Amino acid sequence: MTSPAQFNPQAFIELALSRGVLKFGEFTLKSGRVSPYFFNAGLLNDGEALSLLASGYADTLIKCENVEVVFGPAYKGIPFVAATAVALSQNHGVSVPWGFNRKEAKDHGEGGVLVGASVEGKKVWIIDDVITAGTAIREVVSILKKAGAEIAGVLVALDRQEKGQGGLSAIQEVQKELNIPVHALVTMKDLMNFLEAKGETGALAKMEEYRIQYGI
């Protein structure tokens, strides 16, 4: 059996552009900042795109410690974590239990907000697309801890590498507050390297201006 190729950030950026997941231009964020790029992981909605993303998550997780359960926050994280569990098995021969949460608790059937593998007493890695303000991750961490989980780390698709109100990025704030590692498949620096390699000087200049103003 041929070993799968390792995740390539540049190939992922190419695919993200082709699917409209990643766009360069002018985009007003919820924070009010005008960003030179926009990333919408919800558009990774076909098999090839999801497979490439999941392979990236799996390639990163296989190098990490304490991967006993992988967990996807509702809703976007659910297909990501399921596909990642498949990629870990198919690409690396490692079968890792996975689970997710509901937005609303059920009072019948499985009940509660957690679905899938038990997290009690387990070291759990959270799989998501981005950390913007960190609010959603903190909520999921709280849910998991109440269920008896130990949070081993967080893995996201994109690190915007920009500071929030306190001078740290959202990822740095989560790392500091929760004392856990946070890894990203692609960073703002990767996007800039991609634009430079493609000779996209106009878009690159806008990215550099944004980095100088808001970058960490």
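Any Cβ shown, glycine's included, is placed from N, Cα and C.
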With Phe38, Phe39, Arg160 listed by TrEMBL as binding orotate, identify the candidate in Thr60, Thr132, Thr135 belonging to that site.
Thr132
Same chain, not part of Phe38, Phe39, Thr132, Arg160: whose C-beta falls within 8 angstroms of the C-beta centre of the orotate site? Give them in sequence order.
Leu29, Ser35, Tyr37, Val130, Leu158
Between Thr132, Thr135, which of the binding-site residues has its C-beta surrounded by the fewest other C-beta atoms within 10 Å?
Thr135
Neighbour tally for Arg160 (orotate binding site), based on other Cβ positions within 10 Å of its Cβ
24
Name the residues of the same chain, 6+ apart in sequence, whose Cβ is under 8 Å from the Cβ of Ala133 (5-phospho-alpha-D-ribose 1-diphosphate binding site)?
Gly164, Ala170
Mind giving me a neighbour count for Phe38 (orotate binding site)? Other Cβ atoms within 10 Å of its Cβ, every protein chain shown.
15
Whole-number Å distance between the CA of Thr135 (5-phospho-alpha-D-ribose 1-diphosphate binding site) and the CA of Phe38 (orotate binding site)?
19
